[in-house]
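Q: Pasting a structure here, questions to come.
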Amino acid sequence: MNVSSFLLAIDSGNTAIKWGLHTGDQWLVRGSALQSERMVLKQAWALLPAPPASVLISNVAGLQAADDLTALLKPWYVQPHWITASASQCGVTSRYTKPEQLGCDRWAALIAAWYRVQRACLVVDVGTAMTVDTLSSTGEFLGGIIVPGPDAMKQALAGCAGTLAAPVSSCFQNFPVNTENALYSGMIQALSGALERMYRLLSSYSEKQTLTEVIMTGGGAALLAQHIHIPHRIVDSLVLEGLAIIAKSGNFDYNKK
């Protein structure tokens, strides 16, 4: 095992930070922390079996999160690389009008998904927001949608309707018979409906497109997966996988936060 090639990959999302130490072939250790508890990372990283030789970061949580991560990385004297989306990378090409404006987490997830399946698929990240992105059978990112995730929907309802916030005990019903279940079921229907509609759209995009599954990731993936009726798999830490693939390709040079 060549410790001089260890990569620390960091996925700094809106709510949580996921990280992993990669050997070039496999994950040696992985962990996570809430954005509100970033200093927990200092303790976790102090226990790493070896210092990273490189650091690759996907950050969508803003400049303060970037500054805090930079400070936490200083003891290793390693210059972190902050990825951005591009027109083409690691076999994936982008149709985005301005490719660099695509969220770097979405881009890393697309690269990981393409590396896994090499065919047309949906890449679904269920977090603070839910993104549903489309990949063609040739690795072309056709575009995608962004909708509020489960927690964001709950908070929005609580903010505008106070007592209408769905309690934890709410459950899904096809035909809800109380207000709490109506709110919860509506949230599930909205998210699963958006996902399944995108599935149908990609399926009809071209006769040559063959969808075999949906690749799901994010904190809300397991919840939503219970309510969709299309082939799918859940991949934990898909963004980290994408970062490891990008790092291994050597096709990056992003030092700006």
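Here the Cβ of each residue, glycine as well, is placed from N, Cα and C on the backbone.
OK, Swiss-Prot features for this one:
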BINDING   ASP11, SER12, GLY13, ASN14, THR15, ALA16, ILE17, LYS18, THR128  ATP binding site
BINDING   TYR96, GLY103, CYS104, ASP105, ARG106, THR179  substrate binding site
ACT_SITE  ASP105  active site, proton acceptor
BINDING   ASP125  K(+) binding site
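Show me how these features fit into the shown structure, please.
A: Around ILE17 (ATP binding site), taking its Cβ as the centre, 23 other Cβ atoms fall within 10 Å, counting all chains.
Counting only same-chain residues six or more apart in sequence, the Cβ atoms lying under 8 angstroms from the Cβ of TYR96 (substrate binding site) belong to ALA85, LEU102, PHE141, GLY143.
DSSP assigns ASP105 (substrate binding site) to a helical segment in the three-state reduction. The local packing around ASP105 (substrate binding site), expressed as other Cβ atoms within 10 Å of its Cβ over all shown chains, amounts to 27.
Its Cβ taken as reference, ASP125 (K(+) binding site) is surrounded by 27 other Cβ atoms within 10 Å in the chains shown.
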Q: Of THR15, ILE17, THR128, which binding-site residues come within 10 Å of ASP105 (substrate binding site), going by C-alpha to C-alpha distance?
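A: Those near ASP105 (substrate binding site) - Cα within 10 Å - do not exist; the answer is none.
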Q: Which of the listed binding-site residues (THR15, THR128, THR179) has the least company, meaning the fewest other Cβ atoms within 10 Å of its Cβ?
A: THR179
Q: Identify, among the binding-site residues GLY13, GLY103, the residue whose Cβ has the fewest other Cβ atoms within 10 Å in this structure.
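A: Fewest other Cβ atoms within 10 Å, among the binding-site residues GLY13, GLY103, is found for GLY103.
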Q: Can you name every residue in this chain, apart from ASP11, SER12, GLY13, ASN14, THR15, ALA16, ILE17, LYS18, THR128, with its Cβ inside 8 Å of the center of the Cβ atoms of the recorded ATP site?
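A: So the additional residues around the site are GLN35, VAL60, ALA61, GLY127.
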